[in-house]
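As recorded in TrEMBL:
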- A:12-35: transmembrane segment (TRANSMEM)
- A:51-72: transmembrane segment (TRANSMEM)
- A:99-120: transmembrane segment (TRANSMEM)
- A:126-146: transmembrane segment (TRANSMEM)
- A:153-178: transmembrane segment (TRANSMEM)
- A:184-206: transmembrane segment (TRANSMEM)
- A:213-231: transmembrane segment (TRANSMEM)
- A:281-300: transmembrane segment (TRANSMEM)
- A:366-394: transmembrane segment (TRANSMEM)
- A:414-431: transmembrane segment (TRANSMEM)
Amino acid sequence: MEPAVREKPRLLPALWDAAIAAGIAFLLFCLVLGVRTVDGVYGLTLQPRPVLLAVVVGIVFFGRLALNLFWWDRDWRFPPLPFFSRTAKDAKDRAPRDIYRVGLVLIGFAAVFPLLGLVLNKVFGANLPLLYLIDLSILVLTYVMLGWGLNIVVGLAGLLDLGYVAFYAVGAYTFAILATTFGWSFWMCLPLAGILAAFWGIVLGFPVLRLRGDYLAIVTLAFGEIIRIVIQNWTELTGGPNGISNIPEPSFFGLEFAFRGDNTFHQFFGLPYDAIYGSIWLYYIILVMALITNAVTLRLRRLPIGRAWEALREDEIACRSLGMNTTTTKLSAFATGALFGGFAGSFFAARQSFISPESFTFIESAIILSIVVLGGMGSQLGVAIAAVVMIGGFEALRHTDSLQLVFGTGFDPTLYRMLFFGLAMVAIMVWRPRGLVSTRQPTVTLNKDAGSISKDLVSEGSG
Amino acid sequence: MSKALLEISGLVAGYGHLPVLHGIDLSVKEGEIAAIIGANGAGKTTLMMSIFGNPKPSAGRILFEGRDITDLPAHAVALERIAQSPEGRRIFPRMTVLENLQMGTLIAPDKERYEDDLGHVFELFPVLATRKDQRAGTLSGGEQQMLAIARALMGQPRLLLLDEPSLGLAPLITRQIFAAIKALNEEGLTVLLVEQNAYHALKLASCGYVMVNGRITLSGSGTELLESDEVRRSYLEGGASSPSADEAKKGAKA
Ligand SMILES: Nc1ncnc2c1ncn2[C@@H]1O[C@H](COP(=O)(O)OP(=O)(O)O)[C@@H](O)[C@H]1O
Ligand SMILES: [Mg+2]
């Protein structure tokens, strides 16, 4: 009823407003879009493009009009998102349980998805692009693990680390070098790679102990670059820009996933050869490694050291005056984060079977950091979702034809990766400035009775 | 006479090459409340922080129970069981009240006493008990100050340093905080209190120091200082501190 009555008087001001916006757009664009310089036979000439200009100004006019009429004055709201409820009270009571539940569902899905796909394909003759899906999931899970690892440093301890890729590189090269020169297996090298990365974490930690915020960020950034450049130039050890190839894949309890060999997986189980088995095995390795990272982080958060990291993030001076040794606390955060980065690096090398310094540029650090920031610093579920969206969602875009329809056949969304990252960042910072999942679960509570009493009192007090 | 718990002599400290403290001598006896009063920028906070080694003293000695703690790093000083409620409270805003209190137990020698200590601080500041699962950053200023003191107490300290606990608080809350300090002292805790609110601090203290530009210019018992001309002139009467003069009258009636 009401809107119909109100509509008439609102139309004129809306038109007026839209006209002003269109006028501004015309002024702005008449030189930018309206004319184009052409390098012709007679030198530079101007070619007018009135149609394009008219289209753009038209879009602004009608867009603004539509916003005026239907959007800004709307008397309905978006229904609240199920898991990210807005009201503080709701969030307080429900969020931890919801997060836990969503996490369990996601883990359950991740655990059965490749086998489910395999059964669908092999038994029911479905035609899923399983190899592609699993490879993509492996990529996503690698970033989930890296995100969780960096989350310890950035999210929990609050140390802004822009050089995390250095530890990823150390892990990858440790495994690659040991495996190709001594023929050591993945499982033997994995702990070594982690320990070596953790060691470098401590080495980096020492000089930056006194630094905070932007200064810390700059030094860690430089550290990442130093490691990469050393790798690039230490040709005898690392192969320099040529990298290291023929890195062996992890074996399945001694069985290889090769097509031919003495001890291959498919022969042992009497199956026809299929590359999918190797991929599935890799998938489960990275899934388990990522979940271990998560479990360790969640456990550490409940231990004094994890609490100390969080306190350090909040206030360093207070920590010191409470008797915390901030030096060892910071170093342990760097080392733990680096440890998981090193594990992930080994896995990366084993999976790619070829590594070169190009895989460890600053952009990798930036991607991992943006996953942590987008996810909501310190939130495990948020980081996982951010990794899925940023890496997986993005790769998936590449294969949607609709985008090609809009932007032309040559359109490759992966070229605009950074643009999308930036847009996602801006969107998150506008709508959820603390990241996707911003609730922090307390790690201690008193016994239940006291808890319920206090909760009543709290809501009374705040109401 | 009881012996000195904290003994500071000839302490010089500052930032960079600029000294802020020019040879401070003071001592805090076991079981007493000592108060340092002084205007903004006199160096009170610098003194508190340099006990914790930051800024590092460039001359002078700090003895605690006769042990030299001058050159210890901050966390080692705390392990001597000196606890501090620093200026600006410095609670952990994103952690809950309870987690904040737990962070205070790092230096506690007897971890078994945790529950008792918790009960004790909740008795002292009942409002904290009702807020214990609330994020500390959402507490009011007074509650945050109470939390900062409670957190310091969780370490079972022998000496409690308080840097301007009344800063920015309403008179009623200030009185509550000072009552709590008094109660703690009556239980045997030694307190070194830094305050601009000279009236409250000196009324409570058995021993007071006046700090001006990094030097102790006057010292004596709390009541002596309250009656001294210099203190009355500079810290109790005139412009900014007239409300506390009013309170002085009220206090005298009560
Ligand atoms: N971090 C610092 N760096 C340099 N100068 C400082 C610092 N902190 C305090 N000061 C200076 O030291 C002097 C004493 O400050 P402070 O100890 O905070 O005084 P008060 O606590 O008595 O108000 C002031 O002149 C102040 O400018
Ligand atoms: Mg001060």
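Quick reminder: no glycine exception, Cβ is built from N, Cα and C everywhere.
Nobody curates TrEMBL annotations by hand; they come from automatic prediction.
Outside the transmembrane segment (A:12-35), and at least 6 residues removed from its termini, the chain residues within Cβ reach (under 8 Å) are 46-50, 52-53, 56-58, 60-62, 64-65, 68-69. Per-stretch counts of Cβ pairs under 8 Å to the transmembrane segment (A:153-178) identify A:213-231 as the leading one among A:213-231, A:281-300, A:414-431. Within its own chain, the transmembrane segment (A:51-72) is flanked in space by residues 7, 10-11, 13-15, 17-19, 21-22, 25-26, 29-30, 33-34, which lie at least six positions past its ends and keep a Cβ under 8 Å from the stretch. Residues 107, 110-111, 114, 134, 137-138, 141-142, 144-145, 148-149, 151-152, 156, 249-250, 252, 257, 265, 306, 309, 336, 340, 343-344, 347, 350-351, 380 of the same chain sit 6 or more residues outside the transmembrane segment (A:281-300) yet have a Cβ under 8 Å from a Cβ within it. The list of residues near the transmembrane segment (A:126-146) in space but at least 6 beyond its ends in sequence, with Cβ under 8 angstroms from a Cβ of it, reads 110, 113-114, 117-118, 120, 164, 168, 275-276, 279-280, 282-283, 286-287, 289-290, 293, 340-341, 343-344, 347-348, 351, 367-368, 371, 383-384, 387-388, 390-392, 395-396.
Listed stretches A:99-120, A:184-206, A:366-394 were compared with the transmembrane segment (A:414-431); the greatest number of C-beta pairs under 8 angstroms is found for A:366-394.
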